[in-house]
Amino acid sequence: MAEFANASHEVINVTLGTTLAATTKLVMPTPAKPILPVQTGVQAQQEEQSSGMTIFFSLLVLAICIILVHLLIKYRLHFLPESVAVVSLGIIMGAFIKIIEAQKLANWKEEEMFRPNMFFLLLLPPIIFESGYSLHKGNFFQNIGSITLFSVFGTAISAFIVGGGIYFLGQADVIYKLNMTDSFAFGSLISAVDPVATIAIFNALNVDPVLNMLVFGESILNDAVSIVLTNTAEGLTRENMSDVSGWQTFLQALGYFLKMFFGSAALGTLTGLISALVLKHIDLRKTPSLEFGMMIIFAYLPYGLAEGISLSGIMAILFSGIVMSHYTHHNLSPVTQILMQQTLRTVAFMCETCVFAFLGLSIFSFPHKFEMSFVIWCIVLVLFGRAVNIFPLSYLLNFFRDHKITPKMMFIMWFSGLRGAIPYALSLHLGLEPIEKRQLIGTTTIIIVLFTVLLLGGGTMPLIRLIGIEDSKARKRNKKDVNLSKTEKMGNTIESEHLSELTEGEYEAQYIKRQDLKGFMWLDAKYLNPFFTRRLTQEDLHHGRIQMKTLTNKWYEEVRQGPSGSEDDEQELL
């Protein structure tokens, strides 16, 4: 019995021990993942070297592009738009790098790759903010109804036509087969227009200001709408929609779009108004460096906040730029006004140049999947979708507009539907599976962008001259006097509406007592503008003029005392 009891006791102990061990094993917490990636010294050094080479390569490309733009201005090659020249240079550089890699002299494959995250976080926000900040708000708000109709409903029409056409052609085995959400995502991203070359030609030939603003205003809002539509399609792709009907899918997509559009616009507007109140009641005009720093913070703030709460940072930063230009800008000192305007233009120019250069480089930088039928049908659908967007909506708007959109203007608006950097970056950002689908979308997008920029952009000026839509004064000019350099125009001018200096009495006499102000313009002049902007006193104006005069004299003294200064140079400056 004793032996049996001992044996039983041992079995119980073993069983309990096994159970406790198993229990302990089950409840043992998993080790926490390291916050920072674990890297060896060699890996960290290699990553630093790769990042350094990427920065060097990007700056090298940018420097070469700046020299190219300078040569265009110096030798008055104004017939060639800068975007076309930079894309062409990128193609040449990409071919040169490909030859070097083939000879095994160097391998810059990692450095020449365009990273979509870098585009959306660093390059796109300054471009969008500057377009809103430098917007001619008078013409924009006078045509806000037409611009909104083209940019929102027109972009949606184009996206549905392109996406639906690709889907049904794929189901008919005419082209590569994509599912509904992938087709709509591609239709949305390829509907973003970027008429940089066209706007430059419009400015050079002095076309109708209404036509100029309709095309320019549509392109500004259209970019944000296209990004929101693409994000909507991506959101539907990530969710399991197999048990949801088509009508429910449409309602869900519509709700997501409305939330993104109006929520982001409201966030950007609110941020801009807060910045106006902050700089109105906190007087930083005597310290321009602090004032400028505060403006830069408020410029990027809505983008980060919107992205952090799952809204559209691009839409938020666009509306923030428009509001800050309309209210906050007038609370700044004259020095910071000029500094802000020129800094934004410089940064936007560098970002645009980087994007167009890497667009040309991308032809050789990643593997492509080319299908002739898919490319041809996509180009046809893009042109057809643009036509269905422009012509019916223009005829509809003419019932309500005093300044009618003529058939010639409609045709130019259709022809100016160039595609640019945003479709290219969005195509690389899509997480499509399998990989060949992503390569097909990327390759097709690059071909469409190059087709529209080089062919449509290059053919806009001959078309305008052919149909005679340019201003009569511009028609008398010699072709050599036509200037398509956006950089030269921006460098030679300061927007007069951004440097207005009005006292309280002058503002009341000029705006509030005007009888022709209606609707929002009257509300803005009567209540909003006085509430959000600082009305200057005569003492403030006097101090601002002294500050500008002091800085100008200081600059002139530094130039005159420079190592290459001479009497002839002084006479030239005078």
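Cβ atoms here come from the backbone N, Cα and C positions, even for glycine.
Noted in Swiss-Prot for the protein shown:
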TRANSMEM  53-73  transmembrane segment
TRANSMEM  77-97  transmembrane segment
TRANSMEM  116-136  transmembrane segment
TRANSMEM  149-169  transmembrane segment
TRANSMEM  184-204  transmembrane segment
TRANSMEM  254-274  transmembrane segment
TRANSMEM  304-324  transmembrane segment
TRANSMEM  347-367  transmembrane segment
TRANSMEM  373-393  transmembrane segment
TRANSMEM  410-430  transmembrane segment
TRANSMEM  444-464  transmembrane segment
Contact yes or no, the transmembrane segment (410-430) and the transmembrane segment (347-367), 3+ Cβ pairs under 8 Å, gap 6+: yes
Criterion met for the transmembrane segment (304-324) and the transmembrane segment (254-274) (at least three Cβ pairs under 8 Å): yes
The transmembrane segment (444-464) in contact with the transmembrane segment (347-367), cutoff 8 A, at least 3 CB pairs, sep 6+: yes
Same-chain residues at least 6 beyond the ends of the transmembrane segment (149-169) whose Cβ lies under 8 Å from its Cβ atoms: 175, 178-180, 183-188, 190-192, 214, 217-218, 220-222, 225-226, 229, 261, 377-378, 381-382, 384-386, 388-390, 393, 396-397
Recorded stretch, among 53-73, 347-367, 373-393, maximising Cβ pairs under 8 Å relative to the transmembrane segment (116-136): 347-367
Long-range Cβ neighbours of the transmembrane segment (347-367) (under 8 Å; 6 or more residues past either end): 58, 61-62, 65-66, 69, 82-83, 86-95, 97-98, 109, 112-114, 119, 122-124, 126-127, 129-131, 196, 420-421, 424-425, 439, 442, 446, 449-450, 486-487, 490
